[in-house]
Amino acid sequence: MTTNLIYRLTLGLLFIYHGLVPKIIWLSEIEKQLIEAGGFAKEDATFLSPAAGAMEVILGLMIIFLRKQLFPVYIAAFSLIGLLSFVALARADLLIEAFNPVSTNLMGLVFCYLIIRSANEMKH
(Lines of atoms letter the chains of each structure in order from A; the text may use other names.)
(Lines give C-alpha, C1' and ligand atoms only; values in the text may rest on other atoms or scores of the structure.)
Protein backbone atom coordinates (compact mmCIF):
# COMPACT_ATOMS: atom_id res chain seq x y z
CA MET A 1 0.00 0.00 0.00
CA THR A 2 1.48 3.33 -1.04
CA THR A 3 1.55 6.40 1.17
CA ASN A 4 -0.66 8.16 -1.38
CA LEU A 5 -3.32 5.48 -0.94
CA ILE A 6 -3.08 5.77 2.86
CA TYR A 7 -3.56 9.54 2.56
CA ARG A 8 -6.52 9.04 0.20
CA LEU A 9 -8.14 6.46 2.48
CA THR A 10 -7.77 8.79 5.46
CA LEU A 11 -9.22 11.82 3.67
CA GLY A 12 -11.93 9.77 1.98
CA LEU A 13 -13.02 8.20 5.27
CA LEU A 14 -13.07 11.63 6.90
CA PHE A 15 -15.65 12.78 4.33
CA ILE A 16 -17.60 9.51 4.42
CA TYR A 17 -17.86 9.55 8.22
CA HIS A 18 -18.85 13.22 8.42
CA GLY A 19 -21.37 12.73 5.64
CA LEU A 20 -22.97 9.68 7.22
CA VAL A 21 -22.92 10.09 10.98
CA PRO A 22 -23.96 13.67 11.83
CA LYS A 23 -25.96 14.29 8.64
CA ILE A 24 -27.64 11.06 7.51
CA ILE A 25 -27.68 8.49 10.32
CA TRP A 26 -28.13 10.87 13.28
CA LEU A 27 -29.00 14.41 12.28
CA SER A 28 -26.93 16.56 14.62
CA GLU A 29 -28.48 19.56 16.34
CA ILE A 30 -25.42 21.58 15.29
CA GLU A 31 -26.05 20.63 11.65
CA LYS A 32 -29.60 21.98 12.03
CA GLN A 33 -28.25 25.20 13.54
CA LEU A 34 -25.74 25.64 10.71
CA ILE A 35 -28.49 25.16 8.11
CA GLU A 36 -30.48 27.85 9.91
CA ALA A 37 -27.41 30.12 10.06
CA GLY A 38 -27.17 29.73 6.28
CA GLY A 39 -30.54 31.43 5.91
CA PHE A 40 -32.78 28.37 5.69
CA ALA A 41 -35.54 27.29 8.05
CA LYS A 42 -34.38 24.83 10.71
CA GLU A 43 -36.93 22.32 9.34
CA ASP A 44 -35.11 22.38 5.99
CA ALA A 45 -32.23 20.57 7.69
CA THR A 46 -34.15 17.28 7.45
CA PHE A 47 -33.62 17.46 3.68
CA LEU A 48 -30.57 19.70 3.19
CA SER A 49 -28.30 18.07 5.74
CA PRO A 50 -28.76 14.49 4.43
CA ALA A 51 -28.34 15.82 0.87
CA ALA A 52 -25.06 17.48 1.87
CA GLY A 53 -24.09 14.28 3.67
CA ALA A 54 -24.72 12.24 0.53
CA MET A 55 -22.47 14.61 -1.44
CA GLU A 56 -19.76 14.21 1.22
CA VAL A 57 -20.01 10.41 0.99
CA ILE A 58 -19.76 10.57 -2.81
CA LEU A 59 -16.75 12.89 -2.57
CA GLY A 60 -15.10 10.55 -0.06
CA LEU A 61 -15.62 7.59 -2.40
CA MET A 62 -14.26 9.59 -5.34
CA ILE A 63 -11.14 10.48 -3.35
CA ILE A 64 -10.57 6.81 -2.55
CA PHE A 65 -11.45 5.19 -5.88
CA LEU A 66 -10.38 7.79 -8.47
CA ARG A 67 -6.74 7.35 -7.51
CA LYS A 68 -5.29 8.84 -10.67
CA GLN A 69 -7.44 11.97 -10.40
CA LEU A 70 -6.68 14.99 -8.26
CA PHE A 71 -9.89 16.93 -8.93
CA PRO A 72 -11.77 15.29 -6.00
CA VAL A 73 -8.90 16.29 -3.72
CA TYR A 74 -9.06 19.89 -4.92
CA ILE A 75 -12.85 19.87 -4.42
CA ALA A 76 -12.24 18.58 -0.89
CA ALA A 77 -9.66 21.30 -0.16
CA PHE A 78 -11.90 24.12 -1.38
CA SER A 79 -14.86 22.62 0.50
CA LEU A 80 -12.89 22.39 3.74
CA ILE A 81 -11.75 26.01 3.44
CA GLY A 82 -15.23 27.20 2.50
CA LEU A 83 -17.00 25.30 5.27
CA LEU A 84 -14.51 26.41 7.90
CA SER A 85 -14.93 30.02 6.76
CA PHE A 86 -18.71 29.68 6.90
CA VAL A 87 -18.62 28.30 10.45
CA ALA A 88 -16.20 31.06 11.50
CA LEU A 89 -18.64 33.69 10.23
CA ALA A 90 -21.93 32.04 11.19
CA ARG A 91 -21.12 30.23 14.44
CA ALA A 92 -17.68 31.26 15.67
CA ASP A 93 -18.52 29.79 19.09
CA LEU A 94 -18.12 26.31 17.57
CA LEU A 95 -14.43 26.97 16.87
CA ILE A 96 -13.52 26.72 20.55
CA GLU A 97 -15.42 23.51 21.34
CA ALA A 98 -13.55 20.31 22.23
CA PHE A 99 -14.45 18.74 18.88
CA ASN A 100 -14.49 21.50 16.34
CA PRO A 101 -14.17 22.22 12.63
CA VAL A 102 -10.74 23.82 13.01
CA SER A 103 -8.95 20.59 13.93
CA THR A 104 -10.96 18.43 11.53
CA ASN A 105 -10.68 20.79 8.56
CA LEU A 106 -6.99 21.53 9.10
CA MET A 107 -6.26 17.80 9.27
CA GLY A 108 -8.26 17.34 6.07
CA LEU A 109 -6.33 20.13 4.36
CA VAL A 110 -3.03 18.55 5.39
CA PHE A 111 -4.13 15.28 3.82
CA CYS A 112 -5.15 17.13 0.64
CA TYR A 113 -1.66 18.61 0.50
CA LEU A 114 -0.02 15.23 1.13
CA ILE A 115 -2.07 13.55 -1.60
CA ILE A 116 -1.21 16.23 -4.15
CA ARG A 117 2.45 16.28 -3.17
CA SER A 118 2.84 12.50 -3.23
CA ALA A 119 1.00 12.30 -6.57
CA ASN A 120 3.45 14.82 -8.05
CA GLU A 121 6.40 12.89 -6.61
CA MET A 122 5.11 9.66 -8.18
CA LYS A 123 5.14 11.38 -11.61
CA HIS A 124 8.86 12.13 -11.36
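A Cβ is built for glycine as well, from the same backbone N, Cα and C atoms used for every other residue.
Non-local neighbours of the transmembrane segment (5-27) in the same chain are 45-46, 49-50, 52-57, 59-64, 67, 73, 76, 104, 107-108, 111-112, 114-115, 118; each lies 6+ residues outside the stretch with a CB under 8 Å from one of its CB atoms. For 5-27 (among others), the entry in TrEMBL reads transmembrane segment.
The transmembrane segment feature in TrEMBL is assigned to 47-66 (among others). Long-range contacts of the transmembrane segment (47-66) within its own chain (CB-CB distance under 8 A, at least 6 residues past either end) are made by residues 8-9, 11-16, 18-20, 22-24, 27-28, 31-32, 35, 40, 72-73, 75-76, 79, 115.
Beyond its flanks by at least six residues, the transmembrane segment (73-92) meets 8, 11, 15, 30, 33-34, 37-38, 59, 63, 101-102, 105, 108-109, 112-113, 115-116 of its own chain at Cβ-Cβ distances under 8 Å. Feature annotation from TrEMBL assigns transmembrane segment to 73-92 (among others).
Remote same-chain partners of the transmembrane segment (98-116), defined as residues 6 or more beyond its termini with a Cβ less than 8 Å from a stretch Cβ, comprise 3-4, 7-8, 10-11, 14-15, 18, 63, 70, 73-74, 76-77, 80-81, 83-84, 87. The annotation transmembrane segment is assigned in TrEMBL to 98-116 (among others).
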